[in-house]
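What TrEMBL says about this one:
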- 16-158: domain 'DUF2157' (DOMAIN)
- 46-68: transmembrane segment (TRANSMEM)
- 111-130: transmembrane segment (TRANSMEM)
- 136-154: transmembrane segment (TRANSMEM)
- 182-199: transmembrane segment (TRANSMEM)
- 206-231: transmembrane segment (TRANSMEM)
- 237-255: transmembrane segment (TRANSMEM)
- 262-280: transmembrane segment (TRANSMEM)
- 300-318: transmembrane segment (TRANSMEM)
- 349-370: transmembrane segment (TRANSMEM)
- 404-425: transmembrane segment (TRANSMEM)
Amino acid sequence: MSKRDGITWLYRELPELVRSRVLDETTAERLREHYGPAPRQRRKSLGVVICAALGALLVGLGIILLLAHNWTELSRPQRTLLSFAPLLLGQAVAGWSWLKRRSSIAWCEGAATFLLLAVGASIALVGQTYHISGDLPRFVLVWMLLGVPLVYLLRAALPALLYWPGVTWWCVLGAFDRLPVMFFWLLAALPLPFWWQLVRSGQRRLVAAWMAWMLSLCLAVGLGFSCYSFFEDFWAPLYLSLFAVYFLLFGQLSVPSAVGRPFRLLGSWGTVALLLLLTLKDVWRSFAFNPLLGPGREAWPQYLLLAVLLLAAIGLLTRALASRQWMDTLFGLAPPLVILQLLAGPQRLATGISLILANLYLLFLGGLVLRDGLQSGGLPRINAGLGILSALIAVRFFDSQLPFTVRGVLFILIGLAFLGVNLLVKRREVSV
């Protein structure tokens with residue numbers, strides 16, 4: 001970490017250190033006087049990195065389009081030479097960047113991105129020239145695996161940002177072709193050490209946030225397709241467990257804005273969305289036709305994945321209970337409770353009771369989030385609590401036989417409640 005980054009980190013931590021009484025206000029002020037004003041963010045370097053990466057993408061795609069336009073008019077030796085030309089050029093640029101410009105993020109990101117595109121283009125062109133048999137899932141998998149070393153050799157984030165959608169694409173294609181798509185989880189883990197190092201070091205925070213968004217979205221998509229064969233039996237417990245791990249494991253990262261906490265956001269709203277689905281009768285009726293223990297030994301990979309996610313969620317739930325984080329506890333309790341309901345089945349636990357429990361759970365969760373927001377004065381949390389309660393009421397309206405006039409009046413009242421609470425909080429902030 002450079003001195004500039006160290007000072008920025010110190011200034012960011014000082015308010016928390018004062019609140020925790022590790023330092024007093026006088027000492028904090030002396031530290032600010034000693035180190036001077038906070039360094040400005042290096043927006044120029046970030047712009048250079050973005051332009052370099054975008055330029056590499058455009059150049060790579062442009063070369064591919066030019067080759068495709070004139071491809072049929074070339075002889076086989078010419079095609080072979082042109083097939084390897086982008087790859088050799090990309091390797092030369094990447095090698096030069098690694099030897100001479102290793103400290104330049106812009107050069108490393110641009111070179112790694114261009115080389116990754118060149119690898120895919122060369123594989124496709126050689127295969128087309130010599131009519132090498134293969135299929136799209138295999139091509140995507142080989143292409144993505146060849147791009148992984150670029151992440152670590154050039155310390156480049158953009159290849160990882162392209163790699164995760166690539167292996168997710170392979171998982172989607174492979175699910176329909178009966179391929180061993182459970183390997184998606186091992187494949188998705190390959191760039192994780194690089195991303196985690198960025199998170200822990202506090203450097204390139206914006207890049208780390210982009211990677212976190214891409215990773216969280218790809219894991220959520222890959223979860224469904226990696227269990228595609230038995231999706232109807234496993235979707236609720238699997239996704240509830242995944243979202244609980246998202247919320248509890250990554251919720252304590254020191255990130256200044258909510259946009260930089262994708263796992264927390266997806267975990268919370270994913271859990272709420274699934275709980276809303278579990279308040280519908282048809283969903284519980286489908287569980288009766290697709291019981292959790294129905295697939296048997298044939299679905300052992302899905303059971304293993306569910307066990308890993310559930311044990312992780314329970315372990316994190318235990319930590320939240322020990323630290324008295326009650327709202328986190330409610331998000332973490334959802335997976336084990338729903339799994340117990342599914343294991344009990346309609347024979348031991350009637351569908352009506354399951355519906356009542358799901359509604360009460362979501363009602364209590366929304367009320368707790370709203371109360372926490374009112375106590376802390378945070379508008380985002382207040383609106384989140386009101387949003388959960390409003391969504392529950394809306395689902396009940398559409399699932400019931402109430403007249404449209406009654407529904408309309410109630411929706412107006414909910415909207416007025418939103419506006420009134422926000423107005424009261426704003427007035428409280430002004431008065432303080």
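Heads up, the Cβ atoms here are built off N, Cα and C, so glycines get one too.
Just so you know, TrEMBL annotations are computer predictions that nobody has curated.
The domain 'DUF2157' (16-158) scores a mean pLDDT of 79 in the predicted structure.
Ranked by the number of CB pairs under 8 Å to the transmembrane segment (300-318), the listed stretches 111-130, 182-199, 349-370 are led by 182-199. Packing against the transmembrane segment (206-231) from elsewhere in the chain are residues 46, 157, 160-161, 164-165, 167-168, 171-172, 174-176, 181-182, 184-185, 188, 192, 195, 198-199, 238-239, 242, 246, 250, 255, 259-263, 266, 270, 295, 299, 302, 305: each is 6 or more residues past its ends and has a CB under 8 Å from a CB in it. Here the transmembrane segment (262-280) has long-range neighbours at 209, 212-213, 216-217, 220, 236, 239-240, 242-251, 331, 334, 338, 354-355, 358-359, 361-362, 365, 384, 388, 391-392, 395-396, 399, meaning same-chain residues at least 6 beyond its ends whose C-beta is under 8 angstroms from one of its own. Only residues 6 or more beyond the boundaries of the transmembrane segment (349-370), in the same chain, are considered here, and those with a CB under 8 A from a CB of the stretch are 272, 275-276, 278-279, 281, 284-285, 288, 326-327, 330-331, 334, 337, 341, 381-382, 384-389, 392, 396.
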